[in-house]
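J.: Starting off with a structure, shown below.
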């Protein structure tokens, strides 16, 4: 029994705190022995923790001569996981920028229909974007007549082949996600994340190496993307589980909304790097992000502490105020949650299906927005491939704002489903206006793209972060900490199936009509919002009941809001 436990405040644990406990005789020099009993089993736990401690942290502690503090570890976790998943998205974004280089001949065909459908407007343009050098990316680096790269420029419908490449990557990613989450609750997350990042870097670079090796087999690029998707699937369950191990429930939506900006930061940096590298050859657009993610993976292996016990810190002392994981009964042995059991957690199924349609919309923009911009006359003129890639980053800038805004609103209202549904319904008119008026001028395109990105990425970011963490620590799990990665993988894995379907359908539909593509996106946003209608109704009822009576009733009606998981 720990005396003076209530004295641990919001500021977390420090090394001084532990020294004071030791000097007072209330805690032995071995925190695990004091807090969990002196037995051989706890000694083995201490040994396992020491074995999992990253080499970089061991070296840092030797140099400092003292253990690293809890707050320092939290900051390190945030930075490393942010950079980790940003680098994942940077490698994904490359393909969307290079598409117009691999299959440039469709620009003439689509451009004719677009110019016929939309009247040109002669307002101001962003001249520095339009002056980007497109000839060096297409002409001298191409193989086959008319530019581009065989086999994409020789097929009757090159966009369909590019859509199949996206499907190969995202299909493998979605399938691997379910296994990665199951594996993440059973192995060292640091090792799993490192293997995923190094493997992703290797096969991303292998796609670009097809240029140097003069490879023109469609199945080579298909296979490389499938393997890259499998390696990428280890990323999201791992980073969410690690962050969940270190941070409490207080303002989780806002914290994770800011942290989730790594998605948009990765997309933006990936677009800028890929666009900049086009002048040297499209191969470098793949190789450079591949090398970067491998280097970040090495830093993760050396420095990332996956949980407080890795550095010898006891969670209860550090997370007194609303811990992320509910305190479990001492007599209940933890075991990993099964796949079917995780699906049965209240709220998992509707949010997973909602994310299916949210990611369908978001990933269609992720993989096809630069292509759409370069093949659409904006103000009566077409942008180069490089300029289109740069301009498309504004969608992700809006996504950063949307993710933070959705997290803040959901924290303030304590209503995750209501917030997510409001954003998805609002995205429908935004998509319509971007299609109809986005071609008027660059100014209109930029403004509408920003708003669309904010409304599309807002619920996507909220569900994949705060909602997943809420459900992964649901009260029905009795404080079991070994469910977070599995639940996260189920939700994001289901969403990734939609992420695979959207770009594939766009590859076929866009060859005939981009208006039909936007109709598909608006319908998907509508279905996404409707799937949350039952949870929205429960949240509204809970809010009405809480105003009538002093005791909140949300714990029984809504399992996903943060208040529903507070201890009684």
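The count begins at 1 with the first shown residue.
Glycine is no exception: its Cβ is also placed from the backbone N, Cα and C atoms.
Note: TrEMBL annotation is automatic and uncurated.
Relevant sequence annotations retrieved from TrEMBL are reproduced here:
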COMPBIAS  43-53  compositional bias 'Basic residues'
DOMAIN    79-541  domain 'Major facilitator superfamily (MFS) profile'
REGION    34-53  region 'Disordered'
TRANSMEM  167-184  transmembrane segment
TRANSMEM  191-213  transmembrane segment
TRANSMEM  219-247  transmembrane segment
TRANSMEM  259-278  transmembrane segment
TRANSMEM  284-304  transmembrane segment
TRANSMEM  348-368  transmembrane segment
TRANSMEM  388-406  transmembrane segment
TRANSMEM  418-437  transmembrane segment
TRANSMEM  443-463  transmembrane segment
TRANSMEM  484-509  transmembrane segment
TRANSMEM  515-537  transmembrane segment
J.: Counting Cβ pairs closer than 8 Å, which of 219-247, 284-304, 388-406, 443-463, 484-509 has the most of them with the transmembrane segment (418-437)?
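T.: Against the transmembrane segment (418-437), the leading stretch is 443-463.
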J.: Looking at 167-184, 259-278, 284-304, 443-463, 484-509, which one has the highest count of Cβ pairs under 8 angstroms to the transmembrane segment (515-537)?
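T.: Of the candidates 167-184, 259-278, 284-304, 443-463, 484-509, 484-509 scores highest.
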J.: Would you mind listing the long-range same-chain contacts of the transmembrane segment (219-247), meaning Cβ under 8 Å and 6+ residues beyond its ends?
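T.: Answer is 73-74, 77-78, 81, 84-85, 88, 91-92, 95, 164-166, 168-177, 179-181, 183-185, 189, 192-193, 195-197, 199-200, 203-204, 206-207, 210, 255-256, 259, 304, 306-308, 324-325, 464-465, 468-469, 472-473, 481, 484-486, 488-489, 492-493, 496.
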J.: Short question: most Cβ pairs under 8 Å with the transmembrane segment (348-368), which of 191-213, 259-278, 443-463, 484-509?
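T.: Of the candidates 191-213, 259-278, 443-463, 484-509, 484-509 scores highest.
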J.: Applying the under-8 angstroms CB criterion, which one of 167-184, 191-213, 259-278, 284-304, 443-463 scores highest with the transmembrane segment (484-509)?
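T.: So the stretch in question is 167-184.
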J.: When you check the transmembrane segment (284-304) against the transmembrane segment (191-213), do you get at least 3 Cβ pairs under 8 Å, counting only pairs 6 or more apart in sequence?
T.: yes
J.: Six or more residues out from either end of the transmembrane segment (191-213), which same-chain residues have a Cβ under 8 Å from its Cβ atoms?
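T.: Apart from its flanks, the transmembrane segment (191-213) reaches 84, 87-88, 91, 94, 141, 149, 180, 183-184, 220-221, 224-225, 227-228, 230-235, 238-239, 242, 281-287, 289-294, 296-298, 300-301, 304.
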